[in-house]
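First up is the structure itself, then whatever we jot down about it.
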Amino acid sequence: MKVLLRLPALLASLTLLQMAASTRNATRTATIRETVDEVKVQVNKAFLDSRDRLKTDMSNLAPTVRHLSGYLKQAKGRTRTAIRVGQVWEQSLKRLRRMVPLTNVTGQGLDLTSLSWEVGCGHPAPTVTCNISNPYRTITGDCNNRKNPELGSANRALARWLPAEYEDGLSLPFGWTPGKTRNGFPLPQPRDVSNQVLDYLNEEEILDQNRSLLFMQWGQIVDHDLDFAPETEMGSDNYSKAQCDELCIQGDNCFPIMFPKGDPKLKTQGKCLPFFRAGFVCPTSPYQSLAREQINALTSFMDASMVYGSEPSLANRLRNLSSPLGLMAVNEEVSDHGRPLLPFVNVKPSPCEVINRTAGVPCFLAGDSRASEQILLATSHTLFLREHNRLARELSRLNPQWDGEKLYQEARRIMGALIQIITFRDYLPILLGDELQKWIPPYQGYKETVDPRISNVFTFAFRFGHLEVPSTVSRLDENYQPWGSEPELPLHKLFFNTWRVVKDGGIDPLVRGLLAKKAKLAHQDKMMTGELRNMLFQPNHTVHGFDLAAINIQRCRDHGQPGYNSWRAFCGLSQPKTLEELSAVLRNEVLAKKLMDLYGTPDNIDIWLGAIAEPLVRRGRVGPLLTCLLGQQFQRIRDGDRFWWENPGVFTEKQRDSLQKMSFSRLVCDNTGINKVPLNPFQPNSYPHSFVDCSAIEKLDLTPWASVKK
């Protein structure tokens, strides 16, 4: 009876508790919503202001290197949306964390699910619905993995093979707070490291006697197919990029690279090189880590996305949709001796026009926004554009019943195979040398459980190629002799330099230079040419250049990269602790001492620098750590790709046999006026030795595609 009497009171108490809990939850939700709404207004305004300022700056008579770099690194379309939402998430999280003790907003912890919902973290990349009968890749990379359709798609976070390491555990990079140490030692300034470790005189440059300039350029092509992390914007309308650029004020997403005492750039460029942090995305449920994760704006697959784009809107803009032949759009204003060039961008003015206002030639439009960054890259993009259209026309001749969409998709699929085959057959063996089989064994077929995403550390590992860039680029005539009045041009004059292609010889002289000239040798004592270390994006004497080495080091910290020894441990390599041990690993006591004097401990050496400092493996062009990191990544790219060219069902057996005949030399023969090419374009060749007529180079036979039904 007593229990029955107490029951109404118990129910009343439970009701009151439920009402109180409901009220608290409503208060928390309202507080989260109010906070997010305030942050959205602030961030959206900052993003709009930043874009408007960049347009204004680019219209000025004398834009700075920051403006040129900002144009190159700006996020667009869905990428910009994803980065903006990521910024709203992070700033809202920081505000709410400060409010917790005052308002008890989230009780035991922040309601991250509600926060994610209010921010709109799922909106930039909505849930994917896949057509399982579609025989072609999506432009975005979605639906490659049927169990996890988003795996490897564009505008997702780069994968972490080791947890991020930030100064505050969340987003601040090491080196942000003055006086704060890492592993007991202060971090050196990136520019100081660059000056002391990577500097050498251009005239002392050592060229690679066994690798052509194409070896360097192919690496950049592959990189631009796999990853791109655009810069984020300032998160506050009270703090602009101009303040970062002109006043070197660190704050928000500005992380300037300060010049050390005595640096010659102090006289010409003020106190610093402006540096803006990479764009990042929202964390995902179950929120095991809230550390900042940088975006990959591209698909992680080797799918020729630098030709076709990673967003549907861009992909459509790159096509000639009025043609029934599945063609890519070409430039309707200019051509290269009757051969097509890439279309111009519709942004006015573009950096390429700013560089040479007299010539007035805009930048080129391609699947990757960096296509006009340097002239050899623009040349490569031009070859790929021409090859797609050649393939589409030939496929149409063989299959007149195919419509434009099928012709486009089939040509696109063959282009993806071209990139894959040249990379794995011709490029990686001479990059990884004797370590190739250890890290990339023979293909055993598609594995659904393999994660193909590009890792955060790969974006630094693949920057080894910066050490292979020579100080000059050569243009050669039909006899592979110096072409024109300026046959050899310093690299810094070829940034954003499309006018040289349009008005000064076209791409053929540049392609010959790729085939016949040598890459720079990555050498411990002569690491990076001054054209990149002091004159990056410096097109003329009125614009002072960036330091690519210092940028790479600062970017390691921006991305929260673990140090050198953490990655050595990841790869099963020894972890040197003393000068003697580091000297043994590097086989170079002088270099080891420089690094120890700068960093105090090998644990702190930035991963990019530590990796490129190692001696090269036998018959390769990277050291043991890089062979591990690069080898693992490329194996994952291959084995985790359902559309890999060797995977049964992607191509027929006869088609695969035909595809193996593709080569860079054949690409040149079919798409330029060049008729003499080397048998092995990745090794330096001295004309006429090792050169043959194009008739001796095997052609891709497309007859296996005749009337093939997919």
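Note: Cβ is positioned from N, Cα and C throughout, glycine not excepted.
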Can you tell which of C272, C282, C352 is bonded to C248 by a disulfide, based on Swiss-Prot? C272
C628 forms a disulfide with which residue in Swiss-Prot, given the options C571, C669? C571
Which residue does Swiss-Prot record as N-linked glycosylation site, given the choices N104, N540? N104
Given the candidates N25, N210, specify the residue that Swiss-Prot annotates with N-linked glycosylation site. N25
Quick one: which of D208, D223, D225 does Swiss-Prot put in the Ca(2+) site with T299, F301, D303, S305? D225
Here the Cα-Cα span from C694 (disulfide bond) to C254 (disulfide bond), rounded to a whole number of angstrom, reaches 52
Indicate whether R370 (site 'Transition state stabilizer') is helix, strand or coil by DSSP. coil
The answer, for which of the disulfide-bonded residues C130, C628, C669, C694 has its Cβ ringed by the most other Cβ atoms inside 10 Å, is C628
What does DSSP assign Y480 (3'-nitrotyrosine), in three states? coil
Cβ atoms within 10 Å, counted per site: which of C244, C248, C254, C352, C571 has the most, among these disulfide-bonded residues? C352
Recorded positions near C143 (disulfide bond): from N131, C363, C571, Cα within 10 Å gives N131
What whole-number Å value do you get for the CA-CA distance of C628 (disulfide bond) and H224 (active site, proton acceptor)? 21
